[in-house]
Each structure stands twice: as C-alpha cells, then as structure tokens.
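Engineer: Attaching a single structure in structure tokens format; questions to follow.
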Protein chains: 4
Amino acid sequence: MTNDVKRVVLAYSGGLDTSVILKWLQQTYGCEVVTFTADLGQGEELEPARAKARLMGIKEEHIFIDDLREEFVKDYVYPMMRANALYEGLYLLGTSIARPLIAKRQIEIAKQVGADAVSHGATGKGNDQVRFELGYYALSPDIKVIAPWREWDLTSRTALIEFAEKHQIPVPKDKRGESPFSTDANLLHTSSEGKVLEDPWEEVPDYVYSRTVNPEDAPDQPEIITIDFERGDAVAINGEGLSPATLLAKLNDLGRTHGIGRLDLVENRFVGMKSRGMYETPGGTILHLAHRGIEQITLDRGAAHLKDELAPRYAELIYNGFWFSPEREMLQAAIDHSQEKVTGTVRLKLYKGGVHVIGRKSPYTLYSEKVVTFEDDAGAYDQRDAAGFIKLNALRLRLLGRRDGR
Amino acid sequence: MTNDVKRVVLAYSGGLDTSVILKWLQQTYGCEVVTFTADLGQGEELEPARAKARLMGIKEEHIFIDDLREEFVKDYVYPMMRANALYEGLYLLGTSIARPLIAKRQIEIAKQVGADAVSHGATGKGNDQVRFELGYYALSPDIKVIAPWREWDLTSRTALIEFAEKHQIPVPKDKRGESPFSTDANLLHTSSEGKVLEDPWEEVPDYVYSRTVNPEDAPDQPEIITIDFERGDAVAINGEGLSPATLLAKLNDLGRTHGIGRLDLVENRFVGMKSRGMYETPGGTILHLAHRGIEQITLDRGAAHLKDELAPRYAELIYNGFWFSPEREMLQAAIDHSQEKVTGTVRLKLYKGGVHVIGRKSPYTLYSEKVVTFEDDAGAYDQRDAAGFIKLNALRLRLLGRRDGR
Amino acid sequence: MTNDVKRVVLAYSGGLDTSVILKWLQQTYGCEVVTFTADLGQGEELEPARAKARLMGIKEEHIFIDDLREEFVKDYVYPMMRANALYEGLYLLGTSIARPLIAKRQIEIAKQVGADAVSHGATGKGNDQVRFELGYYALSPDIKVIAPWREWDLTSRTALIEFAEKHQIPVPKDKRGESPFSTDANLLHTSSEGKVLEDPWEEVPDYVYSRTVNPEDAPDQPEIITIDFERGDAVAINGEGLSPATLLAKLNDLGRTHGIGRLDLVENRFVGMKSRGMYETPGGTILHLAHRGIEQITLDRGAAHLKDELAPRYAELIYNGFWFSPEREMLQAAIDHSQEKVTGTVRLKLYKGGVHVIGRKSPYTLYSEKVVTFEDDAGAYDQRDAAGFIKLNALRLRLLGRRDGR
Amino acid sequence: MTNDVKRVVLAYSGGLDTSVILKWLQQTYGCEVVTFTADLGQGEELEPARAKARLMGIKEEHIFIDDLREEFVKDYVYPMMRANALYEGLYLLGTSIARPLIAKRQIEIAKQVGADAVSHGATGKGNDQVRFELGYYALSPDIKVIAPWREWDLTSRTALIEFAEKHQIPVPKDKRGESPFSTDANLLHTSSEGKVLEDPWEEVPDYVYSRTVNPEDAPDQPEIITIDFERGDAVAINGEGLSPATLLAKLNDLGRTHGIGRLDLVENRFVGMKSRGMYETPGGTILHLAHRGIEQITLDRGAAHLKDELAPRYAELIYNGFWFSPEREMLQAAIDHSQEKVTGTVRLKLYKGGVHVIGRKSPYTLYSEKVVTFEDDAGAYDQRDAAGFIKLNALRLRLLGRRDGR
C-alpha cells in the first residue's frame, strides 16, 4: 500500500484528539478529510463537532453527523443480549459492540463520497483499533486504513497540545493537564481506564463513575419494574411499549438511580496484555438479567445449555472485533433460532446496586406446575420412569467401576 | 436384581421422612438397616438422629454419624469453585455438590458393614435421586439401590403420617400440616422449592429465606474484607488463616449479615422438567466472585478463556450427578492445571446483597502496569506491532470481502 | 397412560419380526393395526409387505407404503453431510439418520387415520428404540408408544417362531435357525451387528458385507470422478445433474465397485453399553470426503473451525435420537448459514477401498494463488506484517514466561 | 529492542538457504553465529552441516548437532496422538509438532552459550515462523528473534544465489533453477507445497511423493500387523517392543510399502491465507487409526466424547504454534488423564493405501459381550429400564411439542 491518499473518512468526535488527527491527516497526507460523527447515545452535543470541522476547512457536504442510536440498539445490542454474552464472565461488552457499527457507517460514507481511506483515533495498545480495522477490512477489503496513533510522533500529551496550539486547535482547559483516566461512552455503557485505575489493588475512586449513583446513595426503597420481551428482545417497560433505544435509555435512568451496573474488572485484551477497566452498564445489566429470566421459562434445556456453551466464544468474538465474521454470524443464526418463543414478562426488583428477578410469566412457558408439583400430578409424570433413566445413565459408570474398582 | 436384601445403609437425617423410610425398609425388605447421618454443615443437631435410630432398633454399631464438613469443602466445594461453575449461568450448585460425598461415604460404610444395599430419601421427580444413585453405581457397580419414594404407595403426606403414627414414629407438630415448601441445607447453601414457590411469577415470600437477612434489612454501612488464595483455594479471611470449612462458615456469617447470595431461579432438571427454586449461598457467592477476582490477574488469557468455555459443561455434569465420571475428572485435571499460580489477595466490598471486587494483588500477577500504561512504556510494547497483528487477522476477512462484496 | 389402545400405526417391514408384532398387537391390545412401510432405499420389494398385511386382516386403507427416498436424502442425509458429521470420529450415522424420518411419517399417518398409538420393532438394548420414540414424542407429545420387545415374553427366537407358526405367519427358511448377525439397510448404508460380530478381536467375516466388494477384489484401475456441489449439497456426478436420491444411488454403485466405505467399529450406544458394528457406506463415504474437499476452498477458516468444533456434538445428537430437538436445529442453522458459497467441483480418485480428493475448483474459491505464492506477490501480502502478528500473539506468553521462568 | 546482537543461535540445516542466512547474519549483525542442527528423522546426513559450518568460520564448540528423534516421538508425537488430533479434519500435523522441539532446544543452547538472539529460516508467509517464535518467546521472553526472510532484500531465488556465490557458499546444481516445490521432513511426515502444487484443481504429480509408494504400485497382498498400546502410547509392533522413535520408523516402513498416508489438502494457515499442501504421514496414519481402535474398547463414552469435542481445538493450538501455552497444557492434562487404561492390542490390515482396524482386545476392555448380546443376558441388562430412560429423555421434547405443536 502506498501513502497516496486522496480522501479519508475520519471517525471524528469533535474532541481534542480527533481534531489534532484531522489536522495531522491534512498535513501528512495532503488529503481531503471527511468527518463522521455518530450519535450512539454518548450524551454529548454533536453540533459543536460540525462547527469545529467547518473551522478546519471541511466542506459542508463532507461533514456527516448521524443519529445511530436506534440502529445501535436494535441491530447490535439486542442480538448480543439474545446471546447472554459476557466477556470473561462479567463484562457486558459495551465498547466492543459499538465499534462495528461505526466502522460500517464509515465505510458506507467512504463509498458515498469516493474516499480511498478511513481513519480513527484509537491507540496502538488497545482493542478498539482492532475492532475498527477488522470492520473496515471486512466491509471494504482494499480500503487504506490510517491509524495516526501508530504512525505519528506525538507520543506525549505535551507534544499533542503543542501541535494543537501551533495549529489553532482549541484546547479545553481540562485537557491541559493529564486527564486522570480516559473514557468511552455510548447508550449501553461508559468505560474508564488508565492512570488512576492502573493499580488493580486500589479501589476505583468514586469520581470516576458518571453514569450511576453510588449504591450507598441509592434510594432506600426498592423499585419493582416489569420488562416485556418478544422473540428475545425487550419491547416494553412497565407495560409501555418502547423502541429499542428509548427502552434502553429508560433502563439506564432506572439503573442510574439505583446504582446498578458498576464493574471493576481486570481483563485480557486481544493484543495480549491485561488491563484494568471500570464499566458502568446500568440498563444493560438489567436487560441481561431480565433476558435470562424470561429464557428460564421459555427456552428448552437443550437450547439453553447449548447457548451457555457457545456464549463465551461469542463474547470473545465480539470483544476481539470479529462482529463481521462468518463464525459470529453462524453463532448468531443458532442463537436467533432459539429465541422464537422467548416472549413474556419479567418482574424485577432494583435495589442498591442489585437487580433481582422476582417473577416471570409467558404465554409460551415450558414450566409446568402440573408436572413438577410435589402434590398428586394426575399421571403427568411416572416416578418409576426415573429408575430406568438412572439405570441406563449409570450403565457405563458401572462397567467402568467393575473394571477400575475404585 | 432380586428383592432379597440383607442389610441396607440408609442416608438418614433423623427427620420424619427418613424415619418412615427406615421403618418401611425393615418391614418391606425384612432387612437390617444401617443408618448414616452426615454433618455437612446443615446446622442441625445430629445426636437426636442417634437416639431415634436406637428407638427403631438399630444396633449401636450400625449407627454412623460423621462430621464431613472439612472433606465436603476441601474435596468437593473447592474443586468446583476453581472451575467458576454456574449452572444455567446463575446457580452455584449447592445441593448438587453434596450428593456425591454422601454417596461415597454411604458406599464406604456398606463395604465396612457388609451391606448389600443402599437407600435414600430423594423423590422420583428430582435430581437428587440421580446424583445419589449415579454415585452409588460408580463406586459399587453391583450394589442394590432402594429408592422408597419410587416404590411405595405412601404417595400423600396424609398416608405418610398415618404410617408414622401406626408405627410409633414421632411426628413433629410442624410436619402435621402440609409444609409450605421443602428445603435442603449444607455448609454451602440452603435451597427451597415446592408449594408456595410453584408459581414462578409470584415473588418468593420472605419467610422462605433462612440463611440471609433481607438486603433491605442489611447494614447501611458496607464492609470491606480480604480473602487470600493459594493455588486457587481460599485460605484466609482478613489475613487470618482458616481451614476450608471454617473459612466457608465465616464467609457464610458475613454473607448472612449483608444479605448476600439469594437466588430465585427457574431451572431445568436432568429428569426433563423445569422447576422453580430459591437458593441462598451467602459464603459461596462471595467465594465465587473473589475467585474470579484473583484469576483476573494471575491467569493467562488462553487458560482463562478455555476455562470459561468448559465451565458450563462442568457445571452441567455436577448438576446431573456425574461427579464420579471420567469426563468430570478430565475437566478437573485441566482446571486444576491452570490454578498453580492462582495465589494472592482479593479485596471485596459487601453491601446490601452485593459483592464487589474492589482490588486484587498477587506475587504472581500477570498484570503489567509497565506494558499497559498510557504513559511512556520504555519500549515494553511497540505500537507498530499492532498494524501487522491486525493486517494478518484481517487477511481472511478481506479475501472473504473481495469474494462476497458485502 | 393406560393400555386402552384403539388404533396403532406400526412401522412394518413385512419381515418375520414385525409380522409377529402385528399379530401380537392385535391380540394383546385388541386394537386395529395400521401398517406403514417405507422405501428408504433398503433395496427390498415392498409389495410383499402389502400382501402380508392384507393376509393379517389389515384394511386396504390402513396399509401405507411410501417411497421416501428423495425426502430421506434431501432433508436428512444432505443436511447431515453439510455438517461433516462423524460419530466417534468414524461413523457416518447411516442408521441414525433414517429413524427420525420414519418416526415423522408414522406420526403423520397416525394423525391422518386417527390412531392413538404407534409401535416399532426395535429391541430394548439398542439405540433405535430411543430414536424412534424421541421422534414420536417430539412430534406428538401425547401419543401412546408400544415397544413390543420391551413388553412381551417372546424373549427367544424359538418363542418367536412358535408364536409365528401358531398364528399362521409364514417363517422363511433362513429365519428358522439363528441368523449369524442382524442388519439394517437404507440408501445411505447397511449395518450389521450381533452374533458373529460380537468378539471385537475377530475380523468381520467377508460374508457379512453385502453392499461393497472386498477392496482386494476391486478393479486394479482407479476411477476418476467429479462431483459438483451447490450451497453444500451434491448436485451432479461427472457433470450430470441428478436428484439427491439418484445421486446417492449412483455414488453407491461407484463405491460398491471400488470397495469403498467399509467400517468395523466398536461404538458407545446411548443406552450405555459398547457394541461392535460393521457398516458399509459406499456413496456416503465418497460424499463426506468430497464435501470436505469443496469446503477447503470455499469456506472461511473461522467458519470451518467452528464447524469442526460443533460437529462431534451434532453427530452425538443425531446418534442419540435428538434430530427433532431445538439444539440440533440451532446447530443446523449455524451450519447451513456457512454453506451459502460452498459451490464448485471436486475431483476424486476411487481405488481399492480408498477415496482421494485430487482436485477442487469453485467460482467462489477463497484460495488465492496470488497471495500464497512463493514467487513475487506484487504486494498482496507484506511479510513484515507477520512480525507484529507474532509479537502480539506472543505477548501473553512472554509475560507468562517472565513470571514462571520455565 | 535494538539491533545490537552479540551471539545468535541459528536453526541450521546445512542447506543453501540456511547457509546464506548464516553468512547474512554474520554480515548484517556482525555477530557470532552458533549453529544448531537437529536430527528429527528427516533422513539426511547431518555431518555435512558440521563441515559447512566450520567452513563458514563457526567455532567447534558452537556447532551443535543433536539426535532428537526419541524425544521428538516420545514427548511431542505421542502426546498429540493421544489426542487423536487432526487439523481441519484430516491433517496429522507433522510439521507443526516438530517446531516446538526445535525452538526448545535452540533456547536451551542459547542459554548454554550465552546467546542473546535466535534465528530461523522460515519465510514470512508461512506458519513455521509463528511456531518457532512463539516457542522462543514462551521459553525465553526477552530473547531477540531474527527472521531473515522478513528482513532482508534477497526476495528472489536469483538474488539468493548471487549472494551465495558472492560469498563462496556452495550452490548445489539442483538448487540453481527454481525448485518445483518445497519440502519439510521429519520422522512423522514429509510435506510439500508451492510451485507445481499451487493450483488446487491439478492433481499432485507423482514425483512430489517421496515417502510412500503409489497405492497402485503397492503389494497386491494385504499385510496384517498388530500394535500394542500402553496408557495410550504404542509400545510394540507384532509383539516386538520398540522405543518410540524405532516404532514410528518401523511403521513408516510399513506405511511406505503399502502406500499409506498420502494427503492432498487445501488448508487455512494461521497467518490468514489458504494454501495447498501435500503430506505423507505413513506411520502416523497407521498410529492414529490404531489409537482410535484401542480407545474404542478401553475408553468410557463420556471420556471419548469429551476428547472428540476438545480435539479440534487442541489440533488448532498445535497448528498455530501454541504448544507451549497454558491452554494446550490444560487440554493435555485432560487427555492424559483419560489414557490410564488405554492399553491393549489392535490388529490392522494394510492394503493399497488403506488402513483397516480389524480387531482389538484389552485386559481393560469395557466392551461386555454379556451385556450387549442379542442372546439371553442373564439379567445383565433389563430392557424395561429403557422405557423410563426414553420417557425422561423425551419429557422436555414433549413439553415443547405441546407448546409448539409442530
């Protein structure tokens, strides 16, 4: 690949770092920059990004600002929730799941405006560079990818700020000093890592949290809610039908109030190192547990156990950036096949950081009081069948016992 | 198999049901009964069982009362905790893990006293019959197994009580009416199911819980503790070295106080039906999360992810009663191999039903601040390596993209 | 369930055993019998079954003889072939895959004629009883199932023949003595087991084989053929388009000639014992290897490896009789998703029992000579990328090496 | 890492390529070169390598020539055979399994002679660079690795030969022109790839094969042999006890004679591309099938099926170069645990490229004629148990059927 780039689509937040990247791309590659700013529910105004892009000479038709919140929840968060995916047993993948959508839209724009390159602001140590770039390459195999953090010599914050000042890029006051940590946010979660979090023995300081109240400050009264599911997806809260993004936003509010979804994690990055992160996933945590709740009565054991065995792999694929891969799609096909009757209502109690499923019902329930009851079951189940069931399950163990005589 | 039984070892709790079974065995099989009562930390006096057995004519040397608490935690609970086993994503397997130990000891006694049969009080609808009997058969392939609940005609509580009264078996007042639910308890957990729990939409009534305070009644102040691990096993709390059973008992106290470890679950039984259970696993819940915490810094990614993929299968095997099976032992060998350096200290916050890992340290930590830092890493990691890493991971996706052109 | 049966659909081959069952059902249950005889390509005339059924008093409209060969190959064999399923690494599941189709058709007929029961001629020791009955129950949960071999007292061949003679059921001469083995056949395979095969140290006598020539007697000249695939399914041999059943029949002819597809196996039955079987799967063996051949160039690595990991489970499900289960369907959904571009042509050499893939091509090939070549690749692959790829894959191992210093 | 290298251990075959590398290392890095030549059974004289090394100025004490054949088979090939490992369903991993041993010995020598670097002759497109270097880094995390093919500008064979001639490195006549393919050989296999093999539609020319006769030229009489196993490892052929390497060599002779173990494969490389290779694994093919044969009667179903599910992952790890990884070791621990009673004798027929297991026996057989027999089994198995077994296995499917009514 050559360095001959004519037009590049940059994932542009409007912040200091990507503004520096914008300028650096113009300078280094002498190319036209197209900015793409996505609203994924990160909770920031996007119009300032437009103004900044204009100031840096970006043509009006080359400034893209898209509200992707509904697509994000419907086509990315929800399919992942159907899988009950948890990375390393605990992490709800809030950052990982947003990257493929950004990559996809960036490539669409590149095709639309005839760009020959794309660029992003992720560093060379993290997972996000992988997630962005695997997405780019899967969707546009011959695109040129520019990852400034791996290329330039602005390797310290001081150098970055000097570059900014030299090029009239406004530097917000709070960016002058070292930030005590770095964050990423979208409708599903906020993550923080670095600096003050780098010693995994030290508790995460309370000021790092921004999406949830401290459980200790949450209401002393629990709150009971219901969530309705249809075919594996949440469709209503307390009986009120809501679009995916609206529903998740509402769960975020509930989660914030009750201090739900904080996670302090040391995780294994795809690039080979361990890192310590702090995650807040208020609505997602509720959704995850509620989905398990509705599956408990609507999903057959065979399907449920197969899902449980596939889920770690599925989560790993998303974490590592392989959303647009045949194997993720194969797993999704299996998972989605299982969700046809995952319809019904879950009742949950939210209290001081905890989410407790306290009831579930469904027109498609497989739970049969008649079969399970300790009382007379009117022949629904013949206890004598259990004898044969056990005898044949034991047969191989008995043959083994006879041989090995332990 | 014939019905010609000479001597049978009964798993005997001293309660009404197993007392009726004792008598029924004597009557039906005309055989000698040997009673075995195990202390697994269920929190009941065992000496009354001795007295009752005597009353029913059991010879002194045929009354076995064993304290198995340390063996239970050391050889059953701890190996399972090393696996991070959760059945159906949530259940810590408190009942399942006790059954193989009871079966094993029962068979040892049978060999010691020359018994030709064993018997238990589990019903024909549940999992416990399977767990007991697979254990029996694996350890003594030609033993005769008597499961009275699958054989007799005492199919209602009224019939059972009539039988008891007819045979001078004392019936406690609270057993006269229908119990509103049935329970099982040991050092790891208490479970309840049946009757008032049979509608999975109805919240579990508070009086069903016995091992934990309601989180809403737990202290308003969080409590911070540390747990030390050695080779995957907990060995100390707040720096105080404790034996396995003592340590778990202490964690149970802490968990009880802070309302930790309640679970309302609809689960899939091995015999094919769904059932709704309530579980309280106060200490085990803390232990489970603490173990994940120490693994986060001491376990390599390859080992950790393989463990995560194997854990659902491992949990299923224990739930289904296959503790004494080659495949459980194979998985255990793999898991145990991974635990050699899982040594260090985890700091946890307990608060209102929640357990939060807030710090972990280890002499064997694989977390490297030097590598992960956002600051200058002095060459510990070359960000340019990431470019090649991504390019080769992307290669197959690019070839695919060129072919399929999506 | 009561024994009150009005009308039963019997899987009826017309042979001695199922004729005895027919009569026994009439006698024991006093019920009307509906016979169902399927042509699955077992290579026997079916009209004699009609005549026999008539003789035993079955009404004309209650005699069902169906040619299911195309459905069998298209909807059962082909989906299984897409999975590359091998039970215990070697067995192509020829018997297992036929049972669900028979069960399905039997239930359809039961619904059509208003029968309240179904019956089959499988014994109580084998897998087939499980496969039939799981199919019945999955498709008609409240059907009454009658398995005469588990119920009656005709436990010796002598008793069976006496019963037959007593009831004017013709007994073929070769059935008078003990058969030296028992067989099952359909378009996919012939299996034999029992009697002379029961010592797994003794070689299978040549007279047991019926579908293939002995490789030593096969032609001294190899034969080269091509098979065309579309979306994972074979559609043509040597360029000639053929329907699924016709194609498999043709491959069977080729396999027979060249002595292909013999397998001497000791396998683990679902009911818990080991058994020794002899299988002949001439066409299926060719198909299996050809399918792997076309996948080699059309399937992405991620998809291929996921398939390989899922295949043993998939095979186990089919072997155990869980064709009509959510988990088999989930796996099928994943597998089928992968087959969209599995289109192209495989060239094979057949010789003396061996099948050798010697060439494969596809309009959708992912094999890129340009990328893989040792020659100048014109920038298709940058060898320096490998350095970064290796460095990041090695990072965790290096951190581990520094800690553990082995 | 700097380029300041003092002493480098080179994996040196004595051939043209590694001789050029030797000289290039001396020139480019100005460092001392230590040569390491391993006898892994590739069938070449190693003393010429010593002479060449001397000629190029290597000190006597810096020339290492080691016979690693026994270690190779005992500690690498045999553990892998216990796993029944096949990469992509077909490939016996002959090249992959040799690399970690070479890497291990190279690092040992580096420690012994105080070298600060290691080097190898694998190219930047293949898997071997990964396997070597992951081994180096796992065993010596801070070693400097030099991969000349990724660094130098000798990118054509002409350039390489010019370099050789310029530096008085003898160029064998047959290396002057382009070799029609490249090969790798050791006691387990010979592989060939490149050039004439690059079109996967074209049959591999017969002259590419070197380790086996063409099956068509193999003897017209089959040969019957026996292999004895102890704890999963082959220990004798036809009753004659042999060391691991001697045994494999003897099987290679048998395989060669009968044309066994040829494989034409298009495989997925770890670096992301598909390649076409030709493999000859004569003895390994026999061993693989024989091991399956002995497992059939000595391995419990639970263990066997778990092994089958883990084997693709295990094979992938070895193929990708992760021999020295915790997850490979975990899998090995599980596999080895299963092999304790995999002891006995397998009888095989070798004929015209085919290997057929025709008998197996063991003092630890789990096959029970008494249980499986169609004849009277004297109560070893109660067929009525099957009814309960099926009913409970069917229960969830029936509940599902009632709900979904298909």
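Using N, Cα and C of the backbone, Cβ positions are placed for all residues, glycine too.
From TrEMBL, for reference:
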- D:ALA11, D:TYR12, D:SER13, D:GLY14, D:GLY15, D:LEU16, D:ASP17, D:THR18, D:SER19, D:ALA38, D:GLY121: ATP binding site (BINDING)
- D:TYR91, D:SER96, D:ASN127, D:ARG131, D:SER182, D:SER191, D:GLU267, D:TYR279: L-citrulline binding site (BINDING)
- D:THR123, D:ASN127, D:ASP128: L-aspartate binding site (BINDING)
- D:7-170: domain 'Arginosuccinate synthase-like N-terminal' (DOMAIN)
- D:181-398: domain 'Arginosuccinate synthase C-terminal' (DOMAIN)
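Give me the lay of the land around each of these features.
Structural biologist: According to DSSP, D:GLY15 (ATP binding site) is assigned to coil rather than to any helix or strand. Within its own chain, D:GLY15 (ATP binding site) has no residue 6 or more apart in sequence whose C-beta sits under 8 angstroms from its own.
In the structure as shown, the Cβ atom of D:GLU267 (L-citrulline binding site) sits within 10 Å of 21 other Cβ atoms.
If you take the C-beta of D:ASN127 (L-citrulline binding site) and look for same-chain residues 6 or more apart in sequence within under 8 angstroms, you find D:THR95, D:SER96, D:ARG269, D:PHE270, D:VAL271, D:TYR319, D:ASN320, D:GLY321.
Confidence annotation: the domain 'Arginosuccinate synthase C-terminal' (D:181-398) carries a mean pLDDT of 96 in the model.
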Engineer: Starting from the L-aspartate site formed by D:THR123, D:ASN127, D:ASP128, give every other residue of that chain whose CB sits within 8 Å of the mean position of their CB atoms, in sequence order.
Structural biologist: D:ALA122, D:LYS125, D:GLY126, D:GLN129, D:VAL130, D:ARG131
Engineer: Listed binding-site residues are D:ASP17, D:ARG131, D:SER182, D:SER191; which of them have CA atoms within 10 A of the CA of D:THR123 (L-aspartate binding site)?
Structural biologist: none
Engineer: For D:SER182 (L-citrulline binding site) and D:ASP17 (ATP binding site), what Cα-Cα distance in Å is obtained after rounding to a whole number?
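Structural biologist: Distance (Cα to Cα, whole Å): 12 Å.
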Engineer: Would you mind checking how many other C-beta atoms are within 10 angstroms of the C-beta on D:ALA11 (ATP binding site)?
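Structural biologist: Here the count is 22.
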Engineer: Helix, strand or coil: which one is D:GLY121 (ATP binding site) in, per DSSP?
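Structural biologist: It is coil.
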Engineer: Which of the three DSSP states, helix, strand or coil, fits D:SER96 (L-citrulline binding site)?
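Structural biologist: The residue in question, D:SER96 (L-citrulline binding site), is coil (DSSP, three-state).
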Engineer: What subset of the binding-site residues D:ALA11, D:GLY15, D:SER96, D:GLY121 has a Cβ sitting under 8 Å from a Cβ of chain C?
Structural biologist: none
Engineer: Please report the DSSP secondary structure of D:ARG131 (L-citrulline binding site), reduced to three states.
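Structural biologist: Where D:ARG131 (L-citrulline binding site) sits, the three-state DSSP reduction gives helix.
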Engineer: Just to verify a number: CA distance, D:TYR91 (L-citrulline binding site) to D:ASP128 (L-aspartate binding site), in angstrom, no decimals.
Structural biologist: 16
Engineer: To the nearest whole angstrom, what is the C-alpha distance linking D:ASP17 (ATP binding site) and D:ARG131 (L-citrulline binding site)?
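Structural biologist: Given the Cα positions, D:ASP17 (ATP binding site) is 19 Å from D:ARG131 (L-citrulline binding site).
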Engineer: Using C-alpha positions only, work out which of the binding-site residues D:SER13, D:SER19, D:GLY121 is nearest to D:ARG131 (L-citrulline binding site).
Structural biologist: D:GLY121
Engineer: Can you tell me how many other Cβ atoms are located within 10 Å of the Cβ belonging to D:ASP128 (L-aspartate binding site)?
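Structural biologist: Result for D:ASP128 (L-aspartate binding site): 20 other Cβ atoms within 10 Å.
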Engineer: Just going by other Cβ atoms within 10 Å, which of the binding-site residues D:SER13, D:SER19, D:SER182 has the emptiest spot?
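Structural biologist: Minimum Cβ neighbour count within 10 Å, taken over the binding-site residues D:SER13, D:SER19, D:SER182, occurs at D:SER182.
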Engineer: Within 10 Å of D:GLY121 (ATP binding site) by C-alpha distance: pick out those among the binding-site residues D:ASP128, D:SER191, D:GLU267, D:TYR279, and say none if nothing qualifies.
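Structural biologist: Of D:ASP128, D:SER191, D:GLU267, D:TYR279, within range: D:ASP128.
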Engineer: Between D:ASP128 (L-aspartate binding site) and D:SER19 (ATP binding site), what is the CA-CA distance rounded to a whole number of Å?
Structural biologist: 18
